[in-house]
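Read through the structure below, which is laid out as C-alpha cells, and then see the notes.
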Amino acid sequence: MSFGSEHYLCSASSYRKVFGDSSRLSARLSGPGGSGSFRSQSLSRSNVASTAACSSASSLGLGLAYRRLPASDGLDLSQAAARTNEYKIIRTNEKEQLQGLNDRFAVFIEKVHQLETQNRALEAELAALRQRHAEPSRVGELFQRELRELRAQLEEASSARAQALLERDGLAEEVQRLRARCEEESRGREGAERALKAQQRDVDGATLARLDLEKKVESLLDELAFVRQVHDEEVAELLATLQASSQAAAEVDVAVAKPDLTSALREIRAQYESLAAKNLQSAEEWYKSKFANLNEQAARSTEAIRASREEIHEYRRQLQARTIEIEGLRGANESLERQILELEERHSAEVAGYQDSIGQLESDLRNTKSEMARHLREYQDLLNVKMALDIEIAAYRKLLEGEETRFSTGGLSISGLNPLPNPSYLLPPRILSSTASKVSSAGLSLKKEEEEEEEEASKEVSKKTSKVGEGFEETLGEAVISTKKTGKSATEESTSSSQKM
C-alpha cells in the first residue's frame, strides 16, 4: 500500500483510538442535543467548512501520495533527493494538517459532549415542565371542586336567608295582626271604661235617689207618726168633747139622747179609722212601690256594676296577656331581626371572602396559564433547537461516514490499480484542482442543502409545535419522525454526493 493510504489508515486508526469506532460515534452523535439556535448554526457552518477543508486536504494528500518517480534510467541522485525532500515536506504538511483537523474534530466532539450534557439537562427540565404542566389540571379540578362547594354554600346561605326573610315576613304579619287586635282591645277597653264611668254615674245617681227616697220615707214615716199623734189627739179631744157633750145631754135627756150619741160617735170613729187606715195603706203602698222600684234599680245597677267590673277584670286580664304576648313577640322579632342582621353580615363577609378566594384563584389560574404559555414557548424553542441539533448531528454523522467510506473505497481502488512496487502513475494538477473544486462545491452544496433542510425542518417543527397545547406526546412523536425522515434524506443525499464524487 502507498504512502497516502498508509497515512489515511493511520489517521483513521487515530480517530478510532481517540473517539471510538464509527458505530459508537454514530450512536453517541445520534443522541438529542440542546442549545441555542445561533450557536448551533455557527457550529454547523464552521464544522461544514472544516469538513470540506479536510476532504480537500485528504484528496490532495492522496493525489500527491500516489505520485511516483518517472521510469527513466537517467534520473540522478539530486532529483531523487529533491523528490524525497519534497515527499517529506508534503508528508510533514499533511501531518500538520491532519493534526489540526484532529484538534478541531476533538473540539467538535467536546462541543458535542457539552451539547449532550445540555440536552440531558434540558430533558430533565422538560420532564419537570411536563410534570408542572400536568399539575394545573389538578389545580383546576381543586379549583372547580372548591368553587362548587362555595356555590353550594352560597345557595344554602341564600335559601336560609330566604327562609329567614319568609319567617320575618310571617312574624311581621303576625305582629301587625296582634297589634291591630291590641288596638281593637284597647278601643274596647276604653269603651268599657267609658261605659263603666257612665254606669258609675248612674249608680251614683241611683244611690243619691235611694238616699233621697229613704229620707222621704223617713219624713213620711215621721209625718205619719205625727198625723197619727194628731189624729189620736183629735180623737181624744173629740172623745172628750163628745163625752162632755154627752154628759151635758145626759143631764138634759139622759134617757132619750144616750143611744143616738153613742151611735154617732161610733160612726164618726169608724169614719176616722177608715180614713186613717186608707191613708196609712196608701202611704205604705206608695212607700213599698217606691222602695221596690228603688231596690229594683239598685239591683240592676249592682248587677251592671258587677258585670262591668267582671268585664273590666276580663279586659285587664286579656290586656295583660296581650301585653305579655306582644312583649314576647317584640323580643322574638328583635332577636330575629338581630339574627337576620348577623346572617346578612356573615353572608356578606362570606360572600366577600368567597369573592376574594375566587379572585385569588382566578389570578392564580391566570398566572398558571401565563406560566404554562411561557413554558410552552420555551418548550417550543427547545424543541426547535433540539430538532436543529438532531438534524446537524445526523448530517455531520452521515458526512463523516460518507467521507470514511469514500476514502476507504478510494484507497482500495487506487491500491488495486497500482500493484507494482514503483508505479509510474502521476495525478496531474488539473485532476487535483478539479477534485478539490468538486469537493469544495460538494461541501458548499451540501451546506446549502443542509441549511434548506434545517429551515424546512424548523418551519415544520414550528407548525407542529403550534399545537403543543393539544398534546405534547403527539408533537414530540411527529418531531422525532420528521427528524428521522430528515436524517434519512440527508444520509441519502450525502451518499449520492459521495458516489458522484
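Counting begins at 1 with the first residue displayed.
The backbone N, Cα and C atoms fix where each Cβ goes, and this holds for glycine too.
For 1-87, the entry in Swiss-Prot reads region 'Head'.
Under the heading phosphoserine, Swiss-Prot lists Ser72 (among others), citing a large-scale study or a structure entry as support.
For 130-142, the entry in Swiss-Prot reads region 'Linker 1'.
Look at Swiss-Prot and you will find 143-238 tagged as region 'Coil 1B'.
Long-range Cβ neighbours of Ser219 (phosphoserine) (same chain, at least 6 residues apart, Cβ-Cβ under 8 Å): none. Residues or ranges marked as phosphoserine in Swiss-Prot (evidence: a large-scale study or a structure entry): Ser219 (among others).
Under the heading region 'Linker 2', Swiss-Prot lists 239-262.
If you take the C-beta of Lys290 (N6-acetyllysine) and look for same-chain residues 6 or more apart in sequence within under 8 angstroms, you find Leu213, Lys216, Val217. Swiss-Prot lists Lys290 with the feature N6-acetyllysine.
Secondary structure at Ser335 (phosphoserine), taken from DSSP and collapsed to helix, strand or coil, is helix. Same-chain residues at least 6 positions away in sequence with a Cβ under 8 Å from that of Ser335 (phosphoserine) are not found in this chain. The annotation phosphoserine is assigned in Swiss-Prot to Ser335 (among others) on the grounds of a large-scale study or a structure entry.
Under the heading region 'Tail', Swiss-Prot lists 409-501. Computed over the region 'Tail' (409-501), the whole-number mean pLDDT of the model equals 49.
Marked as region 'Disordered' by Swiss-Prot: 441-501.
Taken from Swiss-Prot, the feature compositional bias 'Polar residues' covers 488-501.
Per Swiss-Prot, phosphoserine is recorded for Ser498 (among others), and the stated evidence type is similarity to another entry.
Each residue of the region 'Coil 1B' (143-238) gets a DSSP state, and the totals for helix, strand and coil are 96 helix, 0 strand, 0 coil. DSSP gives Lys290 (N6-acetyllysine) a helix state.
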